[in-house]
2 protein chains.
Amino acid sequence: MPTDIEIARAAKLQPIGAIAAKAGIPDAALQPYGKYIAKVDTSAIGDFASRPDGKLILVTAISPTPAGEGKTTTTVGLGDGLSRLGKRTMIALREPSLGPCFGQKGGAAGGGHAQVVPMEQINLHFTGDFHAITSAHNLLAAMLDNHIYWSNELGFDARHVAWRRVMDMNDRALRSLVSSLGGASNGFPREDGFDITVASEVMAIFCLATDLADLEARLGRIVVGRRRDKSPITAADLKAPGAMTVLLKDALMPNLVQTLEGTPAFVHGGPFANIAHGCNSVIATRAALKLADYVVTEAGFGADLGAEKFFDIKCRKAGLKPDVAVVVATVRALKMHGGVARDALSAENLPALEAGLSNLARHVENLRKFGVPPIVAINHFTSDTAAEHALIQNFCRNHLGVEAVICQHWERGGAGTEELAAKVATLVESGEADFAPLYPEALPLREKLEKVAREIYGAAGISADARVSARFAELEAAGHGDLPICVAKTQYSFSADPTLRGAPSGHVVPVRELRLAAGAGFVVAICGDIMTMPGLPRQPAAERIHIDANGQIEGLF
Amino acid sequence: MPTDIEIARAAKLQPIGAIAAKAGIPDAALQPYGKYIAKVDTSAIGDFASRPDGKLILVTAISPTPAGEGKTTTTVGLGDGLSRLGKRTMIALREPSLGPCFGQKGGAAGGGHAQVVPMEQINLHFTGDFHAITSAHNLLAAMLDNHIYWSNELGFDARHVAWRRVMDMNDRALRSLVSSLGGASNGFPREDGFDITVASEVMAIFCLATDLADLEARLGRIVVGRRRDKSPITAADLKAPGAMTVLLKDALMPNLVQTLEGTPAFVHGGPFANIAHGCNSVIATRAALKLADYVVTEAGFGADLGAEKFFDIKCRKAGLKPDVAVVVATVRALKMHGGVARDALSAENLPALEAGLSNLARHVENLRKFGVPPIVAINHFTSDTAAEHALIQNFCRNHLGVEAVICQHWERGGAGTEELAAKVATLVESGEADFAPLYPEALPLREKLEKVAREIYGAAGISADARVSARFAELEAAGHGDLPICVAKTQYSFSADPTLRGAPSGHVVPVRELRLAAGAGFVVAICGDIMTMPGLPRQPAAERIHIDANGQIEGLF
């Protein structure tokens, strides 16, 4: 099997104008970035706003292994499968982060024969959106410290500055630092640090904003610090949102690319799936719904985190009504949930597989709580056996009342997902969906979190010490009680303990900290260790990435 | 008079394909970035390498006032003037830095009726080149700290890490910091800091590299630190150059834009004029010379710094042979050199003007030392009087033997530089030029610097304490003695004292520090206070920059 980059390179790409035409986007609405990428100015599409919306298909997953279960490849493969069935289809994905490309994980544009291309550009600078977000974020930080330097008229309590800096790089040395050293002309020394760009609240805002005016208003609401009397200071107080919006103006247009099989895809925005909501921009999803009859999108991590936030944050706020949820599962991960060690996952093990199905079952039942009909996609691995597949399919049919379809998109592209595509289309057209968020906005923050913990995680409840309890009260008193909750916890378990596989019950979810993201419009509940600035591994991929004698990029995967 | 951004916005731009066609660049060689910007892949231009070179015109200046004397506008205006005379002309400029746009200075794409457009994009993210340079620089920094974190097999002496981080932002809080705090999992705490991206050695390398292979080789030679035994550790030792080159691959193609009058312009690369050599990329200049008969380019600061480095570093290394040097002067700056205070520069003052001409005279004489015939461009201001113009013109003709031509490009575009263009063309075709660098490569470093100080600055010599003297010896012993010198000193005076106007003589240039830029291929001699990370002013321009109700950017100037 050739590598991802070799498959991508061997593909014959269509000019982006041809892909746009397929999606009904006129040339006048395209801002090309090279021959195969374009930003789309939807205001240049005549009757755009008045068009009816297509159907929305969410691809989510069981609780994953560290390698991931193939949500992105399944999203791409399903899109290609629907296209093969003659459906007018678009895909909406997140943009990959540059930092991890140089670490361990490699790129994030799909894999095998289910990729969006050109994969090198998408995985590297792409159209510069993340650089724009980095610049906007850091401009606000520079204006903040500059304000304190010259006058501090706003009265910042420098011990409580709530705006770190960001860089799109895995760089642990920047996690925690003391800045403004070196004397009076460099400012007042204080504790500071960097997060990776995808963890920036500007990224979350970018992905939830509906237009430039909404973007600027949201940026203005960012709380960057507080005074000694605890009153908040916002980005608007620093007069930063105008310039930040100017920096983000072009970036906010969605990026159009294609799959290896020529299905149009928007790849736009990429908030972290832990500290933020983990799905592509509202602007891209909405645009895709205007352009296509079927839109396939994904949300980060397993369904307990990704789908829940997709529904309770993105769909609620953007008025989206998802029609189907595809739950990606692998035989390997299910065996892991059944207790098999990582180095024994390739051997057939039906008892462990059966035990691990508890994880899949919980996710499927959870999705129904949102009124979204589920279907299971078994992402095929060469080590899978027919008996294992049959076990999953029978369990799903008999115990869960859902279809489980084997998918071979990684090896065969859209031809490997035709069955899944046909069944998804049938489910979409059944009109079974009746979406509603899990909780109403009016529910107090603490009760929202309790409800998610009980009904989605199977927990007995949450625990919060006096400090966190006071913070709940403080946020309610400050008028933020109607915001949705964005849970930051491990993706490996329904619990906050990454080693608890399967479908644990009765556990307690410890809330360590609450962070207000007033611009994004949610309250982050941090439950466990959350890393917002990754490090590089001992042998970073960067050591192997290079341009070969033929001018081709090698080592990016 | 409308603002720069209003003039730029009112202009009717030609599609970038039409501008490319004018320059003989086929569509196949264009990587468009929107409708009016493209990167040019010169390898897709058939007989490119075998074409003869056009003529090279350098625009430089007298020692400037803080506002600058208009080198960029004159470069654009002269290019437009040559175009009006029917000459096949291209312009080669530096890319503006994003950081200063939000501070005091505003954009750097020319001004008035002498601009390159689209000015908003050029001044903001443009084609992302600076973001790519920032990423490449910071990847090396992350790999360095990551190496120390995991093993430090290379034996870094952490007290002597010679690779800071960069950001394209004016942010004084990052000048000096202590990084890797917060415990063992974040590394070993050490002193660190950020420079602005234009001060990065990667930027200087980017602008001096001749192709991707040369770029990678130069990146590998960067000295990032040393061991306790003082032996150097390079970027190649960290296995970083491959991935850094991948990050810079697309950026290395020159960016094609147009002037307000449709003259093709490459805007590519932008190294600091103090800590580096201060001119656009070798790749862009060379490409322009293959495409046009006349290429107009500029070098940062006054001719003592900008032209000297352009000649002794860029032209020497890239094998360029400049044909003419245009020295931009203003009546205001000459009066300042004659002792007039800044608030009295608008009033006619012939004695002060006459005294200030000593500065212009020194620059003109200096340029002849390189075998490059000079011509003076008087950049017209509305406060100038006819008597002042006559005084300058007579002095130039009678005492310096050069023409001094009044230019009104800011107000009138190319129509305001037709006379200058005609005289420049005559001078070019006279074949008078006989370029040679000021000093041979073989001259020891200290003697190179002495020669520049004496022959260009009019100094009695240089001073260096024991530490700096030892560093000269150390660099010679390490085999770097054949590198050219890149002087970092104030641009406001021939001396190292910014208050010494006119043409001071007999002063001593104090060398504070020598920095090896082994990848760029020069030794920086720091003579005075050099700021490599600017700060924002009390009222940063960012507070006024915004998008108005019509979707137009306001406040960028």
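For all residues, glycine too, the Cβ spot is worked out from N, Cα and C.
Those TrEMBL annotations? Automatic predictions, nothing curated.
What TrEMBL lists as ATP binding site is B:THR65, B:PRO66, B:ALA67, B:GLY68, B:GLU69, B:GLY70, B:LYS71, B:THR72. Every protein chain considered, the tally of other Cβ atoms within 10 Å of the Cβ of B:GLU69 (ATP binding site) stands at 23.
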Residues flanking the ATP site, with Cβ no more than 8 Å from the Cβ centroid of B:THR65, B:PRO66, B:ALA67, B:GLY68, B:GLU69, B:GLY70, B:LYS71, B:THR72 and excluding those residues themselves: B:ALA61, B:PRO64, B:VAL328, B:THR330, B:ALA333
Nonlocal residues around B:LYS71 (ATP binding site), in sequence order (Cβ under 8 Å, 6 or more apart): B:VAL59, B:THR60, B:ALA61, B:GLU298, B:ALA299, B:GLY300, B:VAL328
Packing count at B:PRO66 (ATP binding site) (other Cβ atoms within 10 Å of its Cβ): 11
Cβ neighbours within the same chain of B:GLY70 (ATP binding site) - under 8 Å, at least six residues apart: B:ALA61, B:GLY111, B:VAL328, B:THR330, B:ASN379, B:TRP410
Greatest C-beta neighbour count within 10 angstroms, which of the binding-site residues B:THR65, B:THR72: B:THR72
